[in-house]
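Here is what TrEMBL says about this protein:
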type: DOMAIN; residues: 9-129; note: domain 'MTTase N-terminal'
type: BINDING; residues: CYS18, CYS54, CYS92; note: [4Fe-4S] cluster 1 binding site
type: DOMAIN; residues: 155-390; note: domain 'Radical SAM core'
type: BINDING; residues: CYS169, CYS173, CYS176; note: [4Fe-4S] cluster 2 binding site
type: DOMAIN; residues: 390-452; note: domain 'TRAM'
Amino acid sequence: MHENDRQPRKVFIRSYGCQMNVYDAQRMADVLAPEGFVEAERAEDADLVVLNTCHIREKAAEKVYSELGRMRVMRAERAALGQNTMIAVAGCVAQAEGAEIMKRAHGVDLVVGPQSYHRLPELLSRASREKVVDTDFPADDKFDHLPAASRAKTLARGPAAFLTVQEGCDKFCTFCVVPYTRGAETSRAVAKIVAEAERLADAGVRELTLLGQNVNAFHGEGPDGRIWGLGRLLHRLAMIPGIARLRYTTSHPRDMDDELIAAHRDLAELMPYLHLPVQSGSNRILAAMNRQHTADDYRRLVERIRVAQPELALSSDFITGFPGETDADFEDTMRLVRDIGYASTFSFKYSARPGTPAAEMDEQVPENVKSGRLHALQALLEDQRQTFNRSCVGRVMNVLFDRAGRHPGQVAGRSPFLQPVQTEARGIQIGDVVAMRITGNGTNSLFGEPVDEVMEAVA
Ligand code: SAH
Ligand code: SF4
Ligand code: F3S
């Protein structure tokens, strides 16, 4: 039978965790498309369900097993209708737990680690005959074997796209599983990143968010044979016609080099918003976390970036209740937050992860103490977020419209600071970058109206 005569098969991919998993899910869909797979809206309709998992905290990892329980029920229901369903586990739990998953959750056909997605077609065909686990770190570069999305598919994914430029992490923060699940730091070659960015731009993408577990440690081979840092890469990508905005995430404070800081001053395309996780404001805890900097190093660094880009808004991640954290340590974190002032943040209770050094440390902090500190921290951070959002009312800023709005007749976009912005103005198309005056501030979105004459638009 000819390939095209076959009924298209349907794949449903559910991603947990960070943006890198969102990007990976797209690339998995892209590698499956030539195999005749189209994307399903719901797991119930899919011949292949992929859970693209996250191992960062215990809750995230455990969610996979309850989800797999639901998938087993769904598979039985589909079987009663004469339909086959394959279940695959991908992502960081797959990498970390491998064959354990097969033992703990019956009904899984394939376990595939993040470095093997280019082998999905072959793995799936093997998985139709036997259980397959592939968690190798293969020598070949998966990116060389992952096909690009069609133009239509890229368009459908919207004008703001992710692009992975770096993977893995060599920092070994003592609480973190990423160096184990994603392996050592590697950077893609500049020419390949540029080619992918050009394809995206050609399909209508206006904003690129460069991704990496430790993205500012990027050190890719340049077309001149030299090693390029992230600052240089950003300059190159800004030259691509159609690309109006650039972002990058996630950064480590130790890897903010002079060239990257200068890019915040010199590159209009680079948005004045930076996710720069600090985790704690206590030097003692920062040392125990192996973050390799002090709280004052971080304060000084932020000051330097703010001098380069006075509009800069900051974001961060925090952990409360790391082993040994005292009330005084926690107060140091609160003080750092007050000193810096954040626009938006993520904060978590410390979760002991198997195989990480912090899980073995004495003085684990009781759950109720972790929770109490998290609540206090989140109250302060939410206050700062609201203050920042209020300060935006009355300002003019460029908004990239990327989706339909919450209510009929509305379109929605993102400010330079990643805030959602809604408008009822007519004539705005998805993909437009429009100078907007911010007129109001809701719980989760700003509201705005286009301005005709831009006096001092931000970014
Ligand atoms: N590479 C990034 C973050 C990766 S994980 C960085 O260096 O900051 C995203 C966030 O999850 C981390 O910043 C941290 O705040 C949180 N996190 C990681 N491991 C954790 C753990 N064991 N318990 C609680 N939070 C954790
Ligand atoms: Fe994890 Fe630290 Fe690496 Fe971030 S820098 S991924 S927190 S080990
Ligand atoms: Fe989670 Fe893996 Fe990302 S552990 S945060 S999905 S790198």
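Cβ atoms here come from the backbone N, Cα and C positions, even for glycine.
TrEMBL feature annotations superimposed on the structure.
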| residue | record | Cβ contacts under 8 Å, 6 or more apart |
| --- | --- | --- |
| CYS18 | [4Fe-4S] cluster 1 binding site | CYS54, ILE56, GLN213, THR250 |
| CYS92 | [4Fe-4S] cluster 1 binding site | GLY17, ASN21, THR53, CYS54, HIS55, ILE56, PRO114, VAL177, VAL178, THR181, ARG182 |
| CYS169 | [4Fe-4S] cluster 2 binding site | CYS176, VAL178, PRO179, ARG182, ALA184, GLU185, GLN213, ASN214, ALA217 |
| CYS173 | [4Fe-4S] cluster 2 binding site | GLN279, MET289, ASN290, ARG291 |
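The [4Fe-4S] cluster 2 site is set by CYS169, CYS173, CYS176; from the centre of their CB atoms, other residues of the chain with a CB within 8 Å are LYS171, PHE172, PHE175, VAL177, VAL178, PRO179, GLN213, ASN214. Note on the domain 'TRAM' (390-452): DSSP counts are 3 helix, 31 strand, 29 coil. In this structure, CYS176 are the binding-site residues from CYS54, CYS92, CYS176 whose C-beta falls under 6 Å of some atom of ligand 1. In the shown protein chains, 21 other C-beta atoms lie within 10 A of the C-beta of CYS54 ([4Fe-4S] cluster 1 binding site). Around the Cβ of CYS176 ([4Fe-4S] cluster 2 binding site), the number of neighbouring Cβ atoms within 10 Å comes to 22. Proximity to ligand 2 at the level of Cβ atoms, with a cut-off under 6 angstroms, picks out CYS169, CYS173, CYS176 from the binding-site residues CYS18, CYS92, CYS169, CYS173, CYS176.
Mean pLDDT, taken over the domain 'Radical SAM core' (155-390), works out to 97 on the 0 to 100 scale. Residues from the binding-site residues list (CYS18, CYS92, CYS169, CYS173, CYS176) with a C-beta closer than 6 Å to any atom of ligand 3: CYS18, CYS92.
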